């Protein structure tokens, strides 16, 4: 503005033969004013609408942002479609439904989502499984190849329809290892808008070992369903920038949880303090360069909220008391994390589906956090641990 | 000065020169001693590790302001009253030099400038009607009081006694500024754009455009460039050196370049140049403690860049900068016999006070003065610097045209 003002009165003729000079001055002034106008207009235009999700809280200009801005489609749909009246199916209930005949005629879809560790004492799906159950491979079928992200909504539609899921289907999930991956799957199903998702309480352990119920080899074939996936519901999924803001606030308060969001760490107590890392021989790909926990997180391992014998979830009020004792304030929302997100889903299931609280899974978990440059980490083991520590691994 | 060059008169050396020079040397020694102390203690509790540096930068500015007459009041008065634009070139050059240094510093800190990563420590402020009003008030206040805030700081040691009521008025003006801040902020400043020229354009284009504008202004101002009279042949001996360093006004280009370099150094090591932060902070602290102000001021305490007042109980690096200006300009003025007590009367003191109020209010609402917003703003490629500068220029142009400076201080200005 000022620039044009001060330059616009172009030199007028001050002597003979100045017409040419005047013309040049006019053109030069016009060009300058035009460029200046363009530059000024450009300088405030929000031409890049992407918001910065760095969330580092540091002063712009003095810091670089390390958290990448990968775009993951989704929306915030709230918790209405997520929370379920009866989130748990008992083995008795399932046995009754099976006695009644075809599950798909009752609009029930039964899915086995298991980890199939060699150490498991449970029968793998390929050998025998609960009657009419279909198998879903948690890694290959849910995720994009060579990318740490779930399949797209369209691909999820395809998967869900091939499993016979309709809009009003009840999806019952179970698996080995205390339903870890079944819970993970239930979270993914909710992420894409499947409304009625239940876990078989106690999972395969309860069915096969505790109840000693029947397993079969038959693989069912079901008619194609008509379910259409929605875009991801990011009200139940936390990403690193969001967690980083919380972590930085907590870190600024000496690791106290002051950010108004509960962080729940599902991993073992030693992993939480940072005393040990992940055994790479067993859990390939889950390792982390840094050991410890996200500042301000409380440590409640998943084992504390299930009955040791049956593998079933404890009664809701007992679960609530356990988390409150650990320091979770249920007036605030909660974010759960573990190593890769599957045990966090188990806790998500307990807190969100059983207790009805507002909970997100940070599925990046420690395998993202503990390998990220620059994020705050609390290590209460008293030692410098991890790749740059004295661990010796 | 250069308009009426006569044969150089003999300088001689009088008893008064001895006294003046001794005082100047003592002041300089005190200044250096203070800097040494601050450096040795790392400015512990007294502004931090940059305290000594900023004191010395202030000293440099004081010398340049005094010896180069880098004074917006004097330069604009020459321009509008005497039709002499020569001083303007010092301003133009200081902007050009400083902004290139700023561009270099910015480019290492923010490789791709955008509207999202405007450097928050540089003086890049919202452009709103409030900024224009502030600039106009500042311009009028400058004409009436006989200097801008930086000008008063360096002219006071020259014996310009009106600077005392003027600076008192500045403090009152800051206070009024604080009281009217909420209104101005919520009505005009909140939501106003913060144009930063490199954003979306890159540094090169921003530098080129500003250089183009400066060059255009420079070419245009040539029309008010009076003839230079020659000086007799001379040898550069001790007397000539003494004359050049202490008596003659330093060349505009040299002064401008040096101011620009100091501005770069100040921003690189500490913060952009500005002379109001410490004064306004002390005003604010005082008012807060008396209970006239809320502890928290919306906008001011959030994101605004400039010579923003913070509640402080200690001297900041900005305070050292100001002290450096005052002491060094005194030390620089004395050996050149430039210390001359200008008479202060009840009338011209009260006008200086009134002008000071306008200066203080304008620089509070505008978030800085001629140094903090105009100079440091244009250095940082902020449109706010240009807008504030244009408003001051317009207001002071009208003020000088109507002879407000003469009416405010009868007899102070020779015809």
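Every residue gets a Cβ built from N, Cα and C, even glycine.
All TrEMBL annotations are machine predictions without curation.
Looking at the stretches B:1-20, B:21-40, the one that TrEMBL records under the feature transmembrane segment is B:21-40. It is B:250-268, from the ranges B:231-249, B:250-268, that TrEMBL records as transmembrane segment.
Where the transmembrane segment (B:87-107) meets the stretches B:21-40, B:46-66, B:127-154, B:166-190, B:351-375, the count of C-beta pairs under 8 angstroms peaks at B:351-375. Between the transmembrane segment (B:381-400) and the transmembrane segment (B:127-154), the number of CB pairs under 8 angstroms, six or more residues apart, is three or more, so the stretches are in contact. Each of B:46-66, B:166-190, B:250-268, B:351-375 was scored by its Cβ pairs under 8 Å to the transmembrane segment (B:127-154), and the highest score goes to B:351-375. Between the transmembrane segment (B:166-190) and the transmembrane segment (B:250-268), fewer than three CB pairs separated by 6 or more residues in sequence fall under 8 Å, so the two stretches do not touch. Ranked by number of Cβ pairs under 8 Å to the transmembrane segment (B:320-339), the listed stretches B:21-40, B:46-66, B:202-222, B:250-268, B:351-375 are led by B:46-66. Long-range contacts of the transmembrane segment (B:351-375) within the same chain, counting only residues at least 6 positions beyond its ends with a Cβ under 8 Å from a Cβ of the stretch, are 72, 91, 94-95, 98, 123, 125, 130-131, 133-146, 148-150, 152, 162-163, 165-178, 180-181, 184, 259, 263, 272-277, 280, 304-309, 344, 384-385, 388-389, 392, 407-409.
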